[in-house]
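Colleague: Dropping a structure here in structure tokens format, bear with me for questions.
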Amino acid sequence: MNLVEYFIKNRVVTLVATALLVFLGIKAYNEMSRLEDPEFTIKEALVVTQYPGASAIEVEQEVTDEIELAVQKLGQLDSIESRSERGLSTVTVTIQDKYDGSTLPQVWDELRRKVGDAQALLPPGAHPSIVIDDYGDVYGVFLVIYGNEYTYAELKEVVDLMKRELLLVQDVAKIDTLGESPEAIYVEINRERLAELDIPVSLVINELQKKNLVQDSGRVQVGTEFVTINPTGEVNSIEDFEDIRITVGDKQISLSDLANVRRGYVEPQSGIIRYNGHKGIALGISTRSGGNVVTMGEALEARLYELASEIPVGIEAGLVSVQSTAVVKAIDNFVISLIEAVAIVVVVLLLFMGLRSGLLIGFILVVTILGSFIFLHPMGVALERISLGALIIALGMLVDNAIVVVDGMLVRIEKGQDASKAAVEVVGKTAIPLLGATAIAVLAFAAIGTSQDQTGEFCRSLYQVILVSLTLSWVTAVTITPLLGILFLKPSKKKSGDGNGSKPGGVILLYQKLLGTCLRNRWLTIPAVLGVFVVAIWGFGNVKSSFFPPSTRPQFMIDLWMPQGTHIDETAEKAYLLEEMLMADESVRNVTTMVGKGALRFLLTYTPEKPNSAYAHFLVDADAKDIDRLIRKVDTEFSSHFANAQIYGYKFELGPGSKGKVEPRFYGEDPDVLRDLSAQALAIIRDDPDSKAIITNWRDRVKVARPQVLEEQASLFGVTKADIATVLRQGFQGWTIGVYREEDLLLPIILKAEAPDNAEIANIGNLQIWSPAAQQSLPLRQMISGVTVEFEDEIIYRRDRKRSISVFADSVSGLSNDLLERLRPQIEAIEMPEGYSLEWGGEFEDSAKAKGSLAGTLPTFIGAMIVMTILLFNSLRDPLVIWLSVPLIIIGVAAGLLLFDEPFNFMAILGFLSLIGMLIKNAIVLIDEFRDLSGDTGCTMQILLEGGASRLRPVAMAAATTALGMIPLFFDAFFVAMAITIIFGLMVATVLTMVVLPVIYAIVFKVPND
């Protein structure tokens, strides 16, 4: 007893198994995680090292270089990128693609050990390096707590309350904040008073540092108890600070006589955030690994509602991004698209195969889809854009096997054969060819399933869904479908004449006439097809190309860049003006403004900008249909109001990739030469009218004030360079000398000169500095000859330990590849000095890496597909016929993409690969029919005509269901290029299979022209 006979005879087992697939599938569907887009691992960590007071070059040479040397010893390393700026080194460590998320914790531990070993080599004054390995964490809920009537301290109290309470919500992993303005205790010294009393600043500092230290006073036995001793005397208020006594000789002077003590906010602010013009503090809430984004979002919403009574009136929460809401909306839309696609497929089946056959195959389709969820759930596949899109893509292929079985049974039942015998005969004849064809269709997607880069990880669920659903479709076709066919298929009362009855119908006759003509004129048919193929190749050269399409998210971004070195208050002033302009547009719902830094990573495809006082970032909520107009308005009308600023808007991306689409990257040693090369590239890019957002990662050089120290004079007074640096910092920005403890707060104590001493750099000579030799305070002008102003690089980038400068640009039209094609020959024509080189980053690099990863595995799977066809037929000529027809599918692909003016992007490439599997799958069924009819007598033209006619309906039905089932994806920006590729490619592939393939078969097998 074979497999099909077992399931036919054991009807109860078959029906129970069917019911289990349905009910367990529904259960698995409800339990599956839900995401808007697939997750992928950001295989990067940051090594951050502070080196206060050092210039960018000093940081690069003394800190960054040592950290890079240590990191380079990491065996799993892929690349190193470093950013050296004044007082700070940031090294970005990227791990090789072959290491997945499960192995990264061990890699980061090893990285910490390597970095730890390098600490002894860092210069004095450098702080310990910090390894940040959660750089890629996504904060699915991003909101702003705002209220102009409240201080930052009062807003922080509410934020702290929410952090405490929301951390207890199910599936919440961590909560981070953005835009906090920390408080500080400012001690503003009157240096003239200090000089008058001959009091060194160090004496004041010592007294302040001693007053608020935690010190152990011990314990004492009192009777049977052991009592802790804790004397009073701590500083508990501003008044306590003012009452601190400074002992000078035999006198004591109150700090209030020497300084103004006040409580304020750290100046300048490191980052500012506003929501619709109201100052605020942002909260980012991330989901624990394996958690459910939707259930966490619902739980957070419920808890926030409960906390509303504890939040003061006037403090509001502005929702910038709530992933759960976006996920529910996206999943609902995709499920609707899936239902529409299933309905389209079922209607096509009903129209062309009759009521019983159509309903039977439609039921098998639903069972297969639900059954797939049972296996996808434990594999960790979530319901998201790619996985649900894969189901829609697979719909036509899912019914292929069932169509072949049902059509074969119908033909035999119409001829009067017993249904059970017909089922056994059809499955026995087609099971192995269908299995081979299914395996080949799966192999067509395997390259993306095994690709190890971010793009492969992003699209992996596409392969997983295809693998599971197609495999299950074959299982249901050879087990459940035969039994249901026996139960429901009946011979028609009237012969249809479409291939089921004794006489062929009009469509069949027309097809046989066309095929006969092509077979008789085979040496004209092939050149004609090749001519069309050549035209298609030429046309394909005019198809646009891109990596991933932009998102249709109802939100877009704006960057504002002031000249490098601009004070954050000046940047904020410009940002508020732009904010006001945006809010005046009726299409804009909300504006979130960030000054000094980007947002928290609230989307996996969003990369926040590193802190920079010259930078402002905006997240603007608007309907998707208005975003293109708003971006044009920002780029032209709004930006014209800002003479010294660069302002540009851009959309979110639907997949991994870089921010700057076009990126020429120059390598070399001399910063002056690198800047000259980048300036030439900038000029070329600016001349192209389609370019925008043109910027370099090194930014502008900045002014540096250099007091010229009279070393002999300073030495005479016993003053060192470090003493002068301390006085300068105290005189202008202030110097943190300790902390003030207030309950759970630690506020920095900042010592600085009292105004107007710190108002202008021209007053630098008036600063008082203590002379150990003279035992009195002296004006700094006695130790400096003046102040010169120079320009220096504030930011230095390196890649793989070589200095590199990048120029970034985007396309106004969105056709970044076309922009690159125009710019590339001009920029590559720039004369490179010896030792300098150019490479291309941006979308070109991202796309090349993704395609390279795909190409690395593709030959293996193409080879496996070829071997599979050879094994199926035990022949070389049959597979040769199939593979000779494969390249011709480019005819339909080129026509479709040109007709709809869509780019051949990464998803279209995947669609093209799937077409190969679809064509081969249908070709196997057709050639198997030729071989079956030929037997041992050899093939004739009559056999080709009969075989083609008998396979016309199942092949055409498979193509129609696949093509029409893709219609809902026409309205999805992410899948539209893939949908066009598959639909038009499949239309041509069907013609190739049913007409051109028999002609090639006739030539290869030398079928006589009779």
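The backbone N, Cα and C atoms fix where each Cβ goes, glycine too.
Feature list, courtesy of TrEMBL:
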- 334-352: transmembrane segment (TRANSMEM)
- 359-380: transmembrane segment (TRANSMEM)
- 386-410: transmembrane segment (TRANSMEM)
- 431-450: transmembrane segment (TRANSMEM)
- 462-489: transmembrane segment (TRANSMEM)
- 523-541: transmembrane segment (TRANSMEM)
- 854-873: transmembrane segment (TRANSMEM)
- 880-900: transmembrane segment (TRANSMEM)
- 906-927: transmembrane segment (TRANSMEM)
- 952-971: transmembrane segment (TRANSMEM)
- 977-1004: transmembrane segment (TRANSMEM)
Colleague: May I ask whether the transmembrane segment (431-450) has at least three C-beta pairs under 8 Å with the transmembrane segment (334-352), counting pairs 6 or more apart in sequence?
Modeller: no
Colleague: How about the transmembrane segment (854-873) and the transmembrane segment (952-971): at least 3 CB pairs under 8 Å, pairs 6 or more apart in sequence, or not?
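Modeller: No, the stretches stay apart by this measure.
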Colleague: Do the transmembrane segment (359-380) and the transmembrane segment (462-489) come close, with at least three CB pairs under 8 A (pairs 6 or more apart in sequence)?
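Modeller: By the criterion, they touch.
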Colleague: Which residues of the chain, 6 or more past the ends of the transmembrane segment (906-927), have a CB below 8 A from one of its CBs?
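Modeller: Cβ under 8 Å, 6 or more out: 393, 396-397, 400, 404, 430, 433-434, 436-438, 440-445, 447-448, 455, 459, 462, 466, 547-549, 655, 847, 850-851, 854, 858, 865, 869, 872-873, 878, 881-882, 885-886, 889, 893, 897, 947-948, 951, 954-955, 958-959, 962, 974-975, 977-982, 985-986, 989-990, 992-994, 997-998, 1001.
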Colleague: Short question: which residues 6 or more past the ends of the transmembrane segment (952-971) have a Cβ under 8 Å from it?
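Modeller: Those are 336-338, 340-342, 344-345, 348-349, 352-353, 389, 392-393, 395-397, 399-400, 403-404, 407, 498-499, 507-508, 511, 918, 921-922, 925-926, 978-980, 982-983, 986-987, 989-990, 993-994, in sequence order.
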Colleague: Below 8 Å between Cβ atoms, which of the listed ranges 386-410, 462-489, 523-541, 880-900 makes the most pairs with the transmembrane segment (977-1004)?
Modeller: 880-900
Colleague: Thinking of Cβ pairs under 8 Å, which stretch from 386-410, 523-541, 880-900 has the most of them with the transmembrane segment (462-489)?
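Modeller: The listed stretch sharing the most Cβ pairs with the transmembrane segment (462-489) is 386-410.
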